[in-house]
Amino acid sequence: MANAGVNETVAVAVAIDAPGVGHDHGAAGEVRRPSTRRLAPAGSGGRLMAELLGVFNGLTERMGEDVATSSSSRLLFRALKLALPALRDGGGDGGGGQSVSRALVVAASLADLQMDAEVISAGMVRGALDTGALAMADVEAQLGASAAGLVEESLKVKRAPSEVDVADEEAASALRKRCLSSYDIRAVILELAVKLDAMKHLDVLPKHQQRTTSLEVLKVFALLAHAVGAGELSLELEDLSFQRLYPQAYAHIDQWLSSQEDDCKRVIAASKEELLRALTADDELRCTVTGVDVMGRYKSRFSTMKKLVKDGRRPEDVNDILGMRVILDPRPGGGGGGDGDGGDRACLRTHEVIKAMWKDVPARTKDYITRPKGNGYRSLHVAVDMSEPGPEGKKRPLMEIQVRTREMDMAAVGGQASHALYKGGLTDPEEAKRLKAIMLAAAEVAAQHLRDEPAGDGGQTTAAASAATAGNVERAFQLLDKNGDGRISMEELTEIMEDLGAGGHDAEELMRLLDANSDGSLSSDEFALFQKRVKLKTKLENKDDEYKEILKQKLQKVDDTGLIHVYRKNLSDKLVLV
């Protein structure tokens, strides 16, 4: 009946000697990283077939019986046959093997989000299209017009942030609304999975592009993930962006959470086993469910920073460092599925078992099952005190336990859009309209937490401020354009660099970086873009310094109870991440 596990995304990987899916099981609370096992060499026919079948089996198992129909299986198989050779032969960053591995990670993420075969197939070939290894005509011919249309729409979502200044909140808000209202939601979710993979491979990009991409993710894509209800995907996108944009602040948060990690892991591991035994031994619960999963939860660095810096909490008031999740499988015909009375009763009974085991904190109990959130989220959140008894006992943060059914969890993890797709929805225009309205509202609520992030014009939105900025850029350009022909030539740039103590090689490298149209000179528009990058870099560094000082003051106060322990190490060699 019981099955204790960890609720983390596992990358699809293929062993050389045997097909299958690589499951990277780690300690509770750790983020699962994709397996890096080498794929079969192109010349080995038997191994290639093993690779194809292994990936196919792994993906269809993730999709579940209700999604992996015979027609969807055929589509997925065609996508694999199309994508794997193209990616391996086409190469890309890190070679063909890495391109294949990344495509499989994207496909696995989409399968975990309960996307249908069209979306997963589109995700499989997106990487090959991005690298030019496949043409859109190939995709349409092999996978059909619908899958090709999803790929095209996902590319539009990808390009959308480049059309606006995402650092400007009004522009970012309008862009989020456009993505949610104008594009197929499945294409948005496809781009979110691709973006998550891209954020894990940012080191191949120039530093300025790393910052630009991270800001786009923080201001647009993480909020889109929240809007469609993919909360865990949103948290991971936020954390990856946070690490790149504010490396010093991230280091302080990571250091503090890591200092408590060993004790937290021990507590979570012991508590998981204890709770699992209690739930599987409970006769009343056994009558209503067929299975129970208990798992540890990952603690977001970005959400911790928001609580400490933006909400003004003290470190000892951040109570959800410890976390578990209980997922229940209600018995068929026991009053309904995850939304039925049987599932609801099982969740409430689990709450009773938890209260009998540990000291709960009623004021922090949140019943989103009886009273769901506006976006449809349903779960029971319970807080319990895990401190050791007695005056000499070790004090610990509260443990938050989330209790939900399998169907509730799928809706929470995959989002309302994927849940509706899974249930056969989004075919009714009114239902699709209602879901989009919910998503638009959710995106705006989430955006409230980011109001003080760097703005494109320093927070000013007036025409005068924009004109002043443009004037400064124009004056600087005129000073560098010594012959006044409206362009900065290679000779002029070299002279400037030599005046600054650099050489001709540095001038050539800078020209390659800034010369967007590769005509050998810099136009005023290209120079303005460079100025914009410099301005954004300065603002991010200033904000990082501000966050760092706030966190330094809060987190370097050692609590007498032993709750807060901060290692006073020199982190200067670890902070240059952007």
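The backbone N, Cα and C atoms fix where each Cβ goes, glycine too.
Database features (Swiss-Prot):
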TRANSIT   1-45  transit peptide
DOMAIN    99-199  domain 'HD'
DOMAIN    468-503  domain 'EF-hand 1'
BINDING   Asp481, Asn483, Asp485, Arg487, Glu492  Ca(2+) 1 binding site
DOMAIN    506-537  domain 'EF-hand 2'
BINDING   Asp515, Asn517, Asp519, Ser521, Glu526  Ca(2+) 2 binding site
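Same-chain neighbours of the Ca(2+) 1 site beyond Asp481, Asn483, Asp485, Arg487, Glu492, judged by a C-beta within 8 angstroms of the site's C-beta center, are, in sequence order, Lys482, Gly484, Gly486, Ile488, Ser489, Ser521. Between the CA atoms of Glu492 (Ca(2+) 1 binding site) and Ser521 (Ca(2+) 2 binding site) there is a gap of 9 Å, rounded to the nearest whole number. Here the C-alpha separation of Asp515 (Ca(2+) 2 binding site) and Asp485 (Ca(2+) 1 binding site) works out to 16 Å.
Here the candidates are the binding-site residues Asn517, Asp519, Ser521, Glu526. The one whose C-alpha lies nearest to that of Asp485 (Ca(2+) 1 binding site) is Ser521. In sequence order, Arg487, Leu514, Ala516, Ser518, Gly520, Leu522, Ser523 are the same-chain residues whose CB sits within 8 A of the CB centroid of Asp515, Asn517, Asp519, Ser521, Glu526, the residues recorded for Ca(2+) 2 being left out. Annotation for Asp519 (Ca(2+) 2 binding site): no same-chain Cβ neighbours under 8 Å separated by at least 6 residues are found. In this structure, Asn517 is the one among the binding-site residues Asn517, Ser521 with the smallest number of other Cβ atoms inside 10 Å of its Cβ. Of Asn517, Ser521, Glu526, all annotated as binding-site residues, the residue with the shortest Cα distance to Asn483 (Ca(2+) 1 binding site) is Ser521. Among the binding-site residues Asn517, Ser521, Glu526, the residue whose Cα lies closest in space to that of Arg487 (Ca(2+) 1 binding site) is Ser521.
Under DSSP, residues within the domain 'HD' (99-199) fall into helix, strand and coil as 84 helix, 0 strand, 17 coil.
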